[in-house]
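Lifted from TrEMBL, the feature list:
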type     : residues    : note
ACT_SITE : 54          : active site
ACT_SITE : 72          : active site
ACT_SITE : 73          : active site
BINDING  : 57, 71, 112 : substrate binding site
DOMAIN   : 33-128      : domain 'PARG catalytic Macro'
């Protein structure tokens, strides 16, 4: 495949903490246009080339190399280039994020958690 995958660790001066049932909304982003959608699968319904966020686990990739098969692990399983980040990314602190750009999606899947399974090859049309 053509393209480059880049990894960048970003650190804020202090963490942003949501409490209880508090949720981040589009209004929280002052400098860019953001659509916050918590009801649709990240990898299937995002517009082509959209910024996608995952904040499921402070250990990058969660349990992708074990038996994990939920939010973050699924993303890493269908985009295996993301797994490389585990080689050089220590546990993320509350004020840190790892930005990954250019990873290709290779697989489609069905299910979630115990029912997660590979379905078919995926042709990623995202420009690189």
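Including glycine, each Cβ sits where the backbone N, Cα and C put it.
Just so it is clear, the model here is predicted, and its values are computed rather than measured.
This view paints the features noted in TrEMBL onto the structure.
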{"residue": "57", "record": "substrate binding site", "contacts (Cβ under 8 Å, 6+ apart)": "63, 72"}
{"residue": "73", "record": "active site", "contacts (Cβ under 8 Å, 6+ apart)": "61, 62, 63, 64"}
{"residue": "112", "record": "substrate binding site", "contacts (Cβ under 8 Å, 6+ apart)": "69, 70, 74"}
Using DSSP, what is the helix/strand/coil residue split across the domain 'PARG catalytic Macro' (33-128)? 23 helix, 15 strand, 58 coil
State the Cα to Cα distance, in Å, between residue 71 (substrate binding site) and residue 54 (active site), rounded to an integer. 8
All chains considered, the count of other Cβ atoms within 10 Å of the Cβ of residue 72 (active site) is 19
Within 8 Å of the Cβ centroid of the substrate site residues 57, 71, 112, which other residues of the same chain have their Cβ? 56, 62, 68, 69, 70, 72, 73, 74, 75
Cα-Cα distance maximum in Å, computed over every pair in 57, 71, 112 that the record assigns to substrate: 17
